[in-house]
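Enquirer: Let me begin by handing over the structure; questions about it come next.
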Amino acid sequence: MIDVVEIQKILPHRFPFLLIDRVTELEPAKHIVAYKNVTIGEPIFQGHFPGHPIYPGVMIVEGMAQAGGVLAFKSMSDEHQADIENKVVYFMSIDKAKFRHPVRPGDRLEYRLEVLKHKGNIWVLDGKAYIDGNLCAEAELKAMIVDK
């Protein structure tokens, strides 16, 4: 299990844009399971939508991408782990995105990502987001690890 303190050592994101709270399962170069607790206190709900708060789909996809970044960094060889602070993950593409169910304050988003392809510093991931075991969003993500 990886808590938010450890996640912040891996990812450069910070509040309000750090979108994963904990990693519950990780098999390097294979898959990751992480979650985010969605709360009404998040600034995004001031405008999306007043009186009818819905967590934006782009934020769900970004949360998937952040979980994928943790997976990619934790899959680096031991000798490269010390160099994580000098690296960052960039999005290359988002494909096949589908939003199947709205996400509201009080929901716990569970991100499940599997590696479809990995070559060098490029990763292709199948990402899915669930609430209480029900699929709410999915996308295929491509990202690249680069020097800062």
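In case you wondered, yes, glycine gets a Cβ from its N, Cα and C as well.
Pasting the feature list from Swiss-Prot:
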| type | residues | note |
| --- | --- | --- |
| ACT_SITE | HIS48 | active site |
Enquirer: Translate the DSSP assignment of the residue listed as 'active site' into the three-state scheme.
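Expert: In the DSSP reduction, the residue listed as 'active site' maps to coil.
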Enquirer: Would you mind checking how many other C-beta atoms are within 10 angstroms of the C-beta on the residue listed as 'active site'?
Expert: 14
